[in-house]
Amino acid sequence: MQRIALYPGSFDPVTNGHLDVVRQAVHLCDKLIVAVGVHHGKKPLFSTEERLAMAHEVFGPVASAAGCAFDASTYDNLTVTAAQQAGAILMIRGLRDGTDLDYEMQLAGMNQTMAPSIQTVFVPASVPVRPITASLVRQIAAMGGEISHFVPPSVVAPLKAKFA
């Protein structure tokens, strides 16, 4: 049986924190699916297509180097439903701090009630990337700050261009 893991998020933009989670997650599964959430009530900075392209460009080579199959797709339903539809048995969630843990434990409990066969796996963020959030990265970029410490190199120019 192939161990498929789903790593959901908005990825707006892809950050070094996301990359850190993927670097760990590819060793936990045979196939990793990055699921880009489409929330019709939100206006993301990057289009769905741009976020998918970033995911493929940044995460694909990491998965390949680890011998893990990779795909990126979108979803606009419950995350647990997207995981079921993908055939996932694991849902990957990154944790930066205790606040993340409290929130993620609540979600994991709800998801386990709805889909008992899908296990949530918490991946602790490495120390250097713990403070990184996509919303802070967007704010720094909007104010002309240096973002290269927070996002992969291939994301720097597209992110700067959004505020040029």
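Glycine is treated like the rest: Cβ placed from N, Cα and C.
Swiss-Prot lists SER10, PHE11, HIS18, GLY94, LEU95, ARG96, GLU104, VAL129, ARG130, PRO131, ILE132, THR133, ALA134, SER135 with the feature ATP binding site. The annotation substrate binding site is assigned in Swiss-Prot to SER10, LYS42, THR79, ARG93 on the grounds of sequence analysis. For HIS18, the entry in Swiss-Prot reads site 'Transition state stabilizer'.
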Max pairwise CA distance, angstrom, over record-listed ATP binders SER10, PHE11, HIS18, GLY94, LEU95, ARG96, GLU104, VAL129, ARG130, PRO131, ILE132, THR133, ALA134, SER135: 18
Those binding-site residues listed as HIS18, LYS42, ARG93, ARG130, and which of them has the most Cβ atoms within 10 Å of its own Cβ: HIS18
Per DSSP, three-state class assigned to ARG93 (substrate binding site): strand
Under 8 Å by Cβ from THR79 (substrate binding site), same chain, sequence gap 6 or more: LEU6, PRO8, ALA35, GLY37, MET91, ASN111
Of the binding-site residues listed as SER10, HIS18, GLU104, ALA134, the one whose CA lies nearest the CA of ARG93 (substrate binding site): GLU104
Cα-nearest neighbour of LYS42 (substrate binding site) within the listed binding-site residues, SER10, HIS18, GLU104, ILE132, ALA134: SER10
Candidate with the highest Cβ count within 10 Å, taken from the binding-site residues LEU95, ALA134: ALA134
